[in-house]
Structures are given as structure tokens and as C-alpha cells.
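Heads up: the structure comes next, in C-alpha cells.
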Protein chains: 4
Amino acid sequence: MTSSAGVVDALGALAVPVALLIGIEPKTAWLLSVLWVLKVVPGIPGLRQLRRVLVLESGPLVSVLVIFLMVVFLASVAEYFLERDVQPQTFGSVPAALWWAVVTLTTTGYGDVVPVTPLGRMVAAMVMISGLGVFGLWTGILATGFAAETRRDNFLKTWESVSKVPFFAALGPAAIADVTHMLRTMELPARTMIIRKGAQGDCMYFIAAGEVEVDLPGKKVQLGEGAFFGEMALLGNNKRGANVSTTKVSRLLVLDLVDFRVLMARHPDLAETIDAEAKRRTLENK
Amino acid sequence: MTSSAGVVDALGALAVPVALLIGIEPKTAWLLSVLWVLKVVPGIPGLRQLRRVLVLESGPLVSVLVIFLMVVFLASVAEYFLERDVQPQTFGSVPAALWWAVVTLTTTGYGDVVPVTPLGRMVAAMVMISGLGVFGLWTGILATGFAAETRRDNFLKTWESVSKVPFFAALGPAAIADVTHMLRTMELPARTMIIRKGAQGDCMYFIAAGEVEVDLPGKKVQLGEGAFFGEMALLGNNKRGANVSTTKVSRLLVLDLVDFRVLMARHPDLAETIDAEAKRRTLENK
Amino acid sequence: MTSSAGVVDALGALAVPVALLIGIEPKTAWLLSVLWVLKVVPGIPGLRQLRRVLVLESGPLVSVLVIFLMVVFLASVAEYFLERDVQPQTFGSVPAALWWAVVTLTTTGYGDVVPVTPLGRMVAAMVMISGLGVFGLWTGILATGFAAETRRDNFLKTWESVSKVPFFAALGPAAIADVTHMLRTMELPARTMIIRKGAQGDCMYFIAAGEVEVDLPGKKVQLGEGAFFGEMALLGNNKRGANVSTTKVSRLLVLDLVDFRVLMARHPDLAETIDAEAKRRTLENK
Amino acid sequence: MTSSAGVVDALGALAVPVALLIGIEPKTAWLLSVLWVLKVVPGIPGLRQLRRVLVLESGPLVSVLVIFLMVVFLASVAEYFLERDVQPQTFGSVPAALWWAVVTLTTTGYGDVVPVTPLGRMVAAMVMISGLGVFGLWTGILATGFAAETRRDNFLKTWESVSKVPFFAALGPAAIADVTHMLRTMELPARTMIIRKGAQGDCMYFIAAGEVEVDLPGKKVQLGEGAFFGEMALLGNNKRGANVSTTKVSRLLVLDLVDFRVLMARHPDLAETIDAEAKRRTLENK
């Protein structure tokens, strides 16, 4: 990673001077500074995830690409054959017909090269419909890969944190794997409002790292690592009862209402712990 | 929510007078009344659901957007370089080339700016194929997010109702969570036909709220909250035996034939209850 | 259904004469015979399935449509404002701008109306990118709905047949629901080749209705309802050992190699039955 | 398969001479050599998989195609009727209007034929929006089919190998089916680097066939069929401790970190085996 960053740096820094040195005119040489844009690449969020999808699904993606190229090739030869006499200007060579085929199969359709003979238009119609098919296959492959990757990624991020929350420590490893699939990790900067009083509540939070402050009437309560909050809204009245915000950079685990209910049903002991804590808090704040 | 509605109201109401006051000519000022369209936003069905998908999947969506912009940027510089001498009119500046790149990468393809040099066309072909890829990734991400969101939303809507139907009360909480995944909520106005006599039947209904009327030969039977109907078509003969319609605004839980069978297999006691009720009804209506 | 078919019939049959009678010129009137095309509708395979998806997902689909229309409306007003002075011919009225917006947002891009001002092009670029988003959302919704519908449909078609195959009768109802999810129904006309000798085998078949003929060396064996075949290729050597074809219209249940293995693992008694039958057949045909 | 390959060969080899013999002019005849491109078809990776998806989903795909054709047909008659008087050149016949309809519905939009009347444009707008719908349905169907096919394919490829790895032999057949769903097969040529020292580790490997070499400080260790490696990075410190590369063509089974944890949770005995081996190796390499 570090070495490839160095190559990009060198490429960005040296491209312009080198171009100037070897005698390319300045107006063109300066364009090469566009290579600095490549510096952005490692910072793109989720890029690693996208790359993994592309690698894992490379087999079917390449096979769609090959089909794409074959359609382009056969269609352009057919159109060259059908249109060259009528439009020697635009369909006069196979490369020109190839250009038409790519523009058509991707459904871009500039309109600079258009078949006019009835047979040529029939071939074109088939190319366009194939274009929809290629789109569909491509998307289907990427959607499938992406769904799997998202689940995997979330699991990896969440697993670490779950095992650190004492609340879940009582669960066996199989149950922890189960719980991990239900939770979502959320990274928050300091002084961020998490819950707004009076809002509709549909999830509860566990603190994996950091600290939050609950703004109760007359006092402020700090909750640290391993604590949970927001459970009241899931246990009957679904309006949030107090503002909650982070005091430092925090990592929270979010449990949706849906999964809260499934979890409580499967692990009645967790349900009791949450219930007991909720009652204790209600009494305390009366 | 209320305050943002107020802002939209004020914007819609004040835009035109303010524009007139500060001296914009009337013809243009009146266009600002288009902002009233924003009043529609909160009323769009399912908008909350779409927003949640966009928020939860924002990471990968942004990363696709960044890739999109990088392709646009690199492609437009390349085309500017390759085409500016041949077509100074259309590719004479980088912004003009940027316009071409966006039009091409989204596969819109107006055809007002088209590369003509062989190298320029090769770059353009690659941009178009990348366009398909961007489409595919985008769709894949949204499809994944949407599938998860739909399941979650249905669960939330249905959960409340299920626990109120006495028929399901006998089940433990784990089984209720299981059943909830199988049911679909349906809100109906009064006097709506639910079942038409003689039609093919492939689901049964539980009444979560409201009332329905079964139109039996010679008499009309009312069924209230907690009752179920339509089970006959699932227990052998699959033609509906009577018309059923709502008498007031009702919320029904729909159980598909598929899930009916899975449910009956997993919870034989429920199967017996339904069987017994079906027999009782058959006898009564003979 | 029958009454709507009648309406279509009447519409198709009466449109032309009525049009001629009320004085429309013949050349135009004959065009109405195109309405006969609607007769095809009920015969489209899988149409019921598509309609169910559209109905069940109508909420989010409508919400995407509303978003689509809002973008079209706001964009066309903005472009009218930005381009009307430069191109009074094409952007001279809001309806003309609406036409541009629809052509652009669907990424059709005829190129008959194209913004030329820098600001107008920026708005256009945003419209195109929104177009990709609308595509993505739409597809995501339909893909989600379609996946659910496909699973449901297959289950319904297969369930009936499974319970009629004695081989599965030994299983409890929960296991039958489980098995049903694994099987795929296949309807075949008479005299259709199902298995070709020497081909790669990756599934086995159960006969739900009809009859097949196994073409063994020196004799032909008939298998009737409830029998199974093709299991040899899954139990070791994966080349098909004989030609098999239907003798009458048949309905087969196909069990894929994947599911065969999962099934055998979960229900060892079924595995034994299949093994025993395979051995008996091998001995018999030696 | 072999006979169809022969036909393609013959077609490719004979097309040009036959065309020359029957008197087609050479310039055109040589174009037929393009048929050699069909030779590539059997070599396309994943083509079998794509074909299976198309076959299994042919029902809904055909129904979308029929809808597509109906929209094209009705729209072109409508546009012919609305535009023929204004633009006799381009909309003067139904075939010309059909061409417009295909170009529009696939969102290609050449712009050579464009409606100009207000009603014609409204019909066109509806055709474009239907185009998005057709895209969406098509993609949804293919995505659904592809997801199922991918899972099936991976299972088939992996199953064989899993049962040959002694490590998994202790598991019952149900657990093996379970494990198979978690593993991914990877085919590698000889002398390929699998693990790079110091890299982030998020999976472990089982050797189904072939051999790998672990490059420890001071010695090289060979691991053969049935051995596993890379487990250290999953058991605490997640930096790879040594380079690992293949010595011959190998087939590896990859277990992702996610699945590693789920597997360890469900089968504690496997966890112990891996733990013990990891400790033994750590001691040995001290």
C-alpha cells in the first residue's frame, strides 16, 4: 500500500516537469497534473468493499463483458455490410461501425451514426434489446455480490465490539454470532446528539467505546463503555424521554426494534436484564 | 418536522412577493411559486423508507459517486487533449469536455458533443462501459438496502397487530416473532370487498382491527377483532365460498398459502384450532 | 376475468366499424384494429406474477414516481429560467422545458433540446445523475419484490405435487414444507428427452404425474407416478447411464445436487431409501 | 457439445470459400470470417451459469419481452397517428414509428426521429418511463436468478473438496453441508503468493489439493493436502506472520473471518483442534 502511494505521489509530482523537459508544449503538459486526482483513491470510503465485490464476481463479470464484446463485434460487421452502400460516410469502415455498436449497446445513442435501411434498423433494435439484457445481467451480478459483501463487512466491524460489551458476555459464542448479525456499528464524534426528546424511538444503543450524557430533568447522567440506553422507547411508550449526546468520540452498537424483539424472544434472560434496568431507571428518575 | 414544514410554508408563500419587492421582473418572479411543490414532500408514501435506505447505504453510494466523478474528470481531460485540435468548437475547453463526459457516462448521449478521432472514440467507449458499471453498482447497493428495509418495515407494522390477535396469543414470544415475519398488514376503508365468491383463494385473513361481513346464503355474519376468515380455501377446496367485505375501516393480517402451510407444520396446535373452527362453520352453514 | 375478456373482444371488433360510422377517415380508422393486440395479454406467461409484484410494491414504486415527477418539474422550471433567453426556440416555454426534463431524466437524451449555458448544464448534469438514482431505486424495489414472489410461486406450484409422491409421505409436515422449498416443478409434453446418456448429471427427478421410459441396454423400463430416477449420477459417478424420456404429458419434481446433499444430510432415512433403490437397480441391470 | 463445436468449426472454415464460390464479391465474402468469433463461446468463463439463469427464469423474461413488444407496438401506432401529418418524413409509416418506439423504449434516444406535437411528446414521455420499468423488471428477474445460481454453483464446486479434508471428516453430513455453504473454492497455479507477511489477515485456508510452502525465518515448511494455514491471524493478532505460496497447482478452501467465528461457535471441537495446532506451531517456531 505504502509503495503504491509513493508511485502515485511520484507520478503526480514528476509528470508535469518531465513532460516539459521532453519538449511537450506547456499547455498540454499542465494537463498531466490531473494525475493528482489519483491521490484521492485510497481515501474513498467503501472502496475496499467495492473492489472485493469486483474481484469475487470477476468470473461472471468478465463473461458478461465477453458477451458484450461479441455482440458489438458481430453487430458492427452486420451493420457495415448492410449500411455501407447507403451511408458510406458513417458506415464506410468496420471501425466506424464498431463505434456505432458501442454507442448503441450501451444505450448512449448519440445519433451521429444511425442505420437507415430496414434490415439495418432490425439489427439495431436487437442490439438495443441486448443492451438491456447486458445491463440487467451486470446489475444482477453486482447486486448479488454486494449483498453478500455488506453482510460480511458489517459482521466484521461489529464482532469486535460485541464481545467487549459485558451485557452480551453472558451469551455463549453461538449466541454472540447470532447477536452480531443483528447489530449495526455507528461511529460518532464528540458532542453529537443521538436521541432527541419526544422523537419516535425505534432502536436502542449499546456503548462499545466512549461516553454519552443523558440530559434528565435537573441532572445529567454519564453512561460509559458497556452501558445501554434508549431501551425505554422499545418497552411500551415509544417517545424518547430525554436528550442523549456523546461527550467524546464514541462507538455505539445499534439494535433495531425488529431485532430487539427477536432477540428478547430468543434470549429471555437478556430481556429480564433490560427490563430490570429500565425499571430501576424509572424509579430513580421519578 | 413541524418546524421544517413551517419553513417550507414560509418559503412558498414569501418567495414571490419578496422576489417582486427586490425588483425581479414579474415574469420570472412568478416562477418561484413552483416552490409550493415542496409541500408535497412529506405526503409521499414510503419516503421515510427510501430516506433510511439512502442514509444506511450512504457509505457505498458516496464511494460510487466519487468513482463517477473521477471517471468524469479523467475522461474529460483525456478527450480535451485528444479532440481540441479537431473540434475546437465543442471540445475547446475542459468544462466543455466535462459536459460531454457527464452526458456520456450517464448514457444520456445527447449527441451535441461527439468525439471523432479514433483515440477519442476509444476513450468514449471505455467511459460508456464504465457507465454500465456505475449503474450496476448503484442499483446493486440500493437493491440490497431496499430488501433489508422492506423486511424491517413490514415487521414493525405487523408486530403490534399480531400480539393483539388472541389466536396468536397462545404462542410464545419466539413463535410470535416467527409468525410476524410471515404476515402482511393491509389497511382497508369501509365497504371494501375483500373476498369474491368463486375466486381462487390463496391466503387467509386475521382481523387486527375493524369488522367484516360474510355474505352467506340467507344470512350475513359479522366477524370482529381477533377473528379469522378465508381459511376454507386453504384447507382443500380452493374456491372462495362467500363474499366478504369490510363494514368499517379495518386492519387485516394476511397469511399467504405458502406461509400458512409452513406455519401449520411448525405449530400443529394452531392447525387444530383452524381446522376445528372451519368444521364448526361448515356444519353451521349447511 | 371472463367479462374483461368480453370487453376486450368487443373493443377489438367494434372499434373499426364504429370509427368508420362516426365519419373518421378509413386510413385512420383501420389503425384501431391494433386494439386486437390486447387479446394477447391474458396469454402472457408470468403476467400474474408481475402484476402481484407491482401491486405489493406499489407503495415504494409510487413514491419513486412522485420523486421522479418532482425532479422533472423543478428541473424544467430551472432550465426554463436559465435557458429561455439564449434558446427561445427550444426552451421558450415551461412545457418545452418539461419535455427536455423527461428526455434527460430517463437518460434517453434525444439531443433535440440541449442546454448550452454553464449553469443550465450543471442543472442538467444533476438531473442525469438523479436519473441513475431513480433507475437504481426502481430496480432495487422490483428486484426485491420479484425475489419474494418467485419463491412464493414455486412453493405453491410444488406443494401440491410433493404431498402426492409416496417417497416424501413418510416425512412430517414440517419436513415436507422444507423439502418443497428445495424442489422445482417441471411440466413436460409427451416424448420429450429428459436425460441424455453420457451427459453430466446434476439433479434427480421425482414423477408427480405422467410416465417416463428408461432406455436400458436390451430393454425399456417404464416408471410411473411416485417413482424417481436420475439418482445414480448423484451417488458417485456423475455421468448419466441411460436415456430417459416421457411417454405422456408429465409433471416432474427436480431436486438439484446441492439440495440433494442437504436433504440427505438432514433426513438420513430418505438417503437410505434412495441408496437401496439405486443398488437394486444396479444389480438388476448388470 | 462436440458435435456443435464441429458445426461452428465447419461454419467458420467454409463460409468464406462457399461465399466466394457462389459469386459473392470478395470484399463482402471475407466479412464472413467473423464467424470464427463464435469459436470463443465455449471458452467464456461462467457462460454455463448465465445460460442456466436465462433458462430457469425464461418464463418471466419472456413475459417482460412480450410487454416490451406490446408497448412498442401500441406506442408506434399512436405516434404514427399523432405525428404523421406534421413530420411525414420521419413518422410517415408504421415501420418508421416502430423504429422510433424501439429507440425510445430502450432509452437509446438517437434523436433522428423525435415527436414534436404536444400529444406525441406525452406518449413519448410515457414510453420512456415504461422503459425504466422494463429495465427494472428485467434486472430484478436476472438479479434474483443470479443470486440463486451463484449460491448453487459455489456449493457444487466446494462440496467435493470439503469431504476430502480430514479436518472436516469428523463432522456429520448435516454439518458438512453447513460448512460447505461457508467455504469458497480458489484454484491457484504453482508459485503463487497466497499470504504476504505483515498484511491484514481476514481468512484462513484449507488445502484441498496441491501443496504450499510457508516461509518461516530460517526454514521453509511444506504443507500438503488436508492441512490448514492462516489461522493465526484469526486467533488474536491480525497481521500475517509469514509469506505463504503454492509449490504446485493447488485448490484451496477459503474460510472468511465471519464464517470462521460462526463455525467456531457452532462446532467447539473444531475450534479446539485449530487452537491446539496454532499453539503447537507457535511453540515450534519460537
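Placed from the backbone N, Cα and C atoms, the Cβ positions cover glycine too.
Feature annotations, courtesy of TrEMBL:
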- A:7-24: transmembrane segment (TRANSMEM)
- A:30-47: transmembrane segment (TRANSMEM)
- A:59-82: transmembrane segment (TRANSMEM)
- A:94-111: transmembrane segment (TRANSMEM)
- A:123-145: transmembrane segment (TRANSMEM)
- A:167-281: domain 'Cyclic nucleotide-binding' (DOMAIN)
- Message: Check the transmembrane segment (A:30-47) against the transmembrane segment (A:59-82) for contact, please; criterion is three or more CB pairs under 8 Å, pairs 6 or more apart in sequence.
- Response: no
- Note on the structure: Lying 6 or more residues past either end of the transmembrane segment (A:94-111) yet within Cβ distance under 8 Å of it, the residues of that chain are 68, 71-73, 75-77, 79-80, 83, 124, 127-128, 130-132, 134-135
- Take every residue in the domain 'Cyclic nucleotide-binding' (A:167-281), average their pLDDT values, and give the whole-number result. 83
- Note on the structure: Summed over the domain 'Cyclic nucleotide-binding' (A:167-281), the DSSP helix, strand and coil counts are 40 helix, 41 strand, 34 coil
- Sequence-distant residues near the transmembrane segment (A:123-145) by C-beta distance (under 8 Å, 6 or more away from its ends) are 53-54, 56-57, 60-61, 64, 67-68, 71, 75, 78-79, 82, 101, 104-107, 115
